[in-house]
Amino acid sequence: MTERATSEVPTGGPEETTSESAKLPTTEPSGEAAASESAWEEQTPVPQEPAPQAPAATKPAPASEDLPSAPLLLAVEDVSDSAVTVSWEPPERLGRLGLQGYVLELCREGASEWVPVNARPMMVTQQTLRNLALGDKFFLRVAAVSSAGAGPPAVLDQPVHIQKSIEAPKIRVPRHLRQTYIRQVGEAVNLQIPFQGNPKPQASWTHNGHALDSQRVSIRTGAQDSILFIRSAQRSDSGCYELTVRLEGLEAKAAIDILVIEKPGPPRSIRLLDVWGCNAALEWTPPQDTGNTDLLGYTVQKADKKTGQWFTVLERYHPTTCTVSDLIVGNSYSFRVFSENLCGLSASAAVTKELAHVQKADIAAKPKGFVERDFSEAPSFTQPLADHTSTPGYSTQLFCSVRASPKPKIIWMKNKMDIQGDPKYRALSEQGVCTLEIRKPSPFDSGVYTCKAVNVLGEASVDCRLEVKGERLRRAAP
């Protein structure tokens, strides 16, 4: 698991000695850690005044197997205007005596002395140096430490430069300004565009690639936004407004399209083409001024000469020709056409010079002779009788449907014997549906039943078999 530590670095120059490094640690090292720190300090050479080499018999050098190897992947994670964060990976070889921690050292540019950042080894692989001064430039190295001493250090290839952090400029265009911003003539235009950047960037505006007219457009730029204001918009203010934010060679741009519109002019001319029946055909030409935007269509109105009241016939009609229908016979009509855009209808309309007279036509009605259709038809059964099984004592019904004209006579028969007038049977015929009801049938009523339909054009019949089953259950003998 990767641990992280934070250390403070003295603000002194490169002339300060290693005694200043004693101020760096914020916690007291343990005895064993202090011993390892002393052993590491004894092996760390001082570039200005090289220490004389001791005789081998006096203090033998530790075996290479006892010392850890150099840490891996030393890199700068983050740099701000007052701090820097570095990280590394554990060494490949920890040494036979085990790892006690890491020591991070700093050497300012132009100096040759390496100053320890932490006075004792710390078991972390990420460390942040704070309270750095702007303009500082220094090298960093880290070494792994065991009880036998410090191993070879890993050194950053490039020096770390503490300078004021720069936040690239960025413009945040509001959602409603990402499409064409439409205003009417005379209305105010007030655009507030927020942006980001540190330090404060420089903002500038252009209109269609040219500088703004300071007499018509006011610009106010703050630390976080820029405001463009036009007190009374005119059609000449339409176009593409571009905001540019610059910061030390970096820049961001945003374009905003503004369209200033007004009501359109009326159609240039209108002409009555033809009048026939209750219809009148009109034709007109588009207006010369559309109000600096597309037309939504035309509104056509009519007025009766007697009342003089105008009624709308068509709204937002796009073609320049139309036919007005449903005119009242005997009346005379005038017509007018308005142009329409987003601002509304034109202030005036194009009116026809001549009236459209809807005259009465002498039309003689010639009724056609009515040919009566013969619906006479011989009887035919559309639904035949179906075989049926019934239970004794429960009334049952037989159904069929017949089609005939004139209405046929219905005759019911059992086993080819006419049963008309028998109170046990009731025959019904309605809308071509023939019904025979058998009241409380008994096994004696079983047989073949026939329905016969007869009219002057012929006859037809259908039959079915009715079976009335007797009681199957008998009382058990005592």
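For all residues, glycine too, the Cβ spot is worked out from N, Cα and C.
Residues annotated as compositional bias 'Low complexity' in TrEMBL: 32-46 (among others).
Positions annotated as compositional bias 'Low complexity' by TrEMBL: 54-63 (among others).
The annotation domain 'Fibronectin type-III' is assigned in TrEMBL to 70-165 (among others).
Under the heading domain 'Ig-like', TrEMBL lists 169-257 (among others).
Annotation comment: TrEMBL describes 266-361 (among others) as domain 'Fibronectin type-III'.
The domain 'Ig-like' annotation in TrEMBL covers 379-463 (among others). Averaged over the domain 'Ig-like' (379-463), the predicted model has a pLDDT of 92.
Sequence annotations record features per position, and here TrEMBL assigns region 'Disordered' to 1-66.
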Secondary structure content, the domain 'Ig-like' (169-257) (per DSSP, counts of residues): 6 helix, 52 strand, 31 coil
Helix, strand and coil totals (DSSP H, G, I; E, B; other) for the domain 'Fibronectin type-III' (70-165): 0 helix, 48 strand, 48 coil
Helix, strand and coil residues within the domain 'Ig-like' (379-463) as assigned by DSSP: 3 helix, 53 strand, 29 coil
Within the domain 'Fibronectin type-III' (266-361), residues counted as helix, strand or coil by DSSP: 0 helix, 49 strand, 47 coil
